[in-house]
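Visitor: Before I ask anything, let me first share the structure, which is written out below as structure tokens.
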Amino acid sequence: MPKSALMSSSFQTSVSPRPLPVSCASRTAARKLSLYCSEGRTRCGMGQGKGWRWPGHRPPGLPSPTNRVGQSVPKWRPQPHKAAGGGRTIRDVKEAAFDVLDLGLLPYPQAWARQKQELARVAVGGRPTLLLVEHPAVLTLGRKAQEGENIVVTREYLAAQGIDVFAVERGGDVTYHGPGQLVAYAIFPVGRRVRDFLRLLENAVVTALGTLGLPDARPNPGYAGVYVDPREINGKTYDQKICSIGVAIKQNVALHGIGLNVCTNLDHFDLIVPCGLTDTQMTSVQREYDLRGLGSVSMEQAKKALTDAFALTFADYDWSLPGVAAGQEALSVASP
């Protein structure tokens, strides 16, 4: 593999050549993200979610998302790059202050090591990086996880399925990563602004999902992550979680990040109690498309929507490292 393929580039908003549509089933090695890629129409679904119904209910009293204290994020509609109410669009953001590197399909230990390399660089003033990656099937245990408590199968069964388990330093409980899930590791300076940073991550995902045609995406007060409208199944209402979030802060810089279910095999979430939440079901963009008659989604569409949303959400972010004493750390306790 050419060494240049692993190097990040400045996140520019100029139009790049249009690559062919790429589905979740077709992967390449680590590659630079091409913005304004063509909207792939190759089907991304894996047959999950048959027969579910969605009532279109939206719980009242949800707070408006903010990208800073007191600053409301513009409401978005499914049309890409168009903000309602005259809000700023991605084309107005000349250059983001972070790099974007697409690592393709990469085993979890290698991605974990890459995060730490990027952290060491950012901690001494290097340019922040957003790592995009998919993982082979794997379970990770956050700081809240008790050994095996929310894993509902034996380690022997997981080993037979080729699913590894790793204890990591992020906040939260157990979660699943696998093909069809877009994982974004935001190696950004944070310091003590952990809660504000988590809200910004949520806002970026909400904006991306709005661009993809899911305007009901929203945070869930009291829990980290992003949800769509709940569904009633067999007389019980279940929250529908589409994106998990869990971070750690070391040397004032964030590790880990988000896992957005694009066209994930949702059956694998049956191996665990996701994030330890018994009244929550995991969903995906493709499942929501199936239920709403929206066709199919590609991983490239999701990457484009998410990176555009990050550029907008973090356009006014304070990228300086806060004045925290050397060697001091803060670890978040975010639900994955």
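The backbone N, Cα and C atoms fix where each Cβ goes, and this holds for glycine too.
In case it's useful when we look at the structure, here is the feature table from Swiss-Prot:
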ACT_SITE  Cys275  active site, acyl-thioester intermediate
BINDING   Arg170, Gly171, Gly172, Asp173, Val174, Thr175, Tyr176, His177, Ser244, Ile245, Gly246, Gly257, Ile258, Gly259  substrate binding site
COMPBIAS  1-16  compositional bias 'Polar residues'
DOMAIN    124-318  domain 'BPL/LPL catalytic'
REGION    1-22  region 'Disordered'
REGION    1-92  region 'Unknown'
REGION    48-88  region 'Disordered'
REGION    93-336  region 'LipB domain'
SITE      Lys241  site 'Lowers pKa of active site Cys'
Visitor: Return the count of C-beta atoms lying within 10 angstroms of the C-beta of Gly246 (substrate binding site), excluding that atom itself.
Guide: 30
Visitor: Helix, strand or coil: which one is Val174 (substrate binding site) in, per DSSP?
Guide: strand
Visitor: According to DSSP, does Ser244 (substrate binding site) fall in a helix, a strand, or coil?
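Guide: Assignment for Ser244 (substrate binding site) reads strand.
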Visitor: For the domain 'BPL/LPL catalytic' (124-318), what's the mean pLDDT in this predicted model?
Guide: 88
Visitor: Quick one: pull the CA-CA distance for Tyr176 (substrate binding site) versus Lys241 (site 'Lowers pKa of active site Cys'), whole Å only.
Guide: 13
Visitor: Please state whether DSSP places Ile258 (substrate binding site) in a helix, a strand or coil.
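Guide: DSSP assigns Ile258 (substrate binding site) to strand.
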Visitor: Is it possible to get the count of other C-beta atoms within 10 angstroms of the C-beta of Tyr176 (substrate binding site)?
Guide: 25
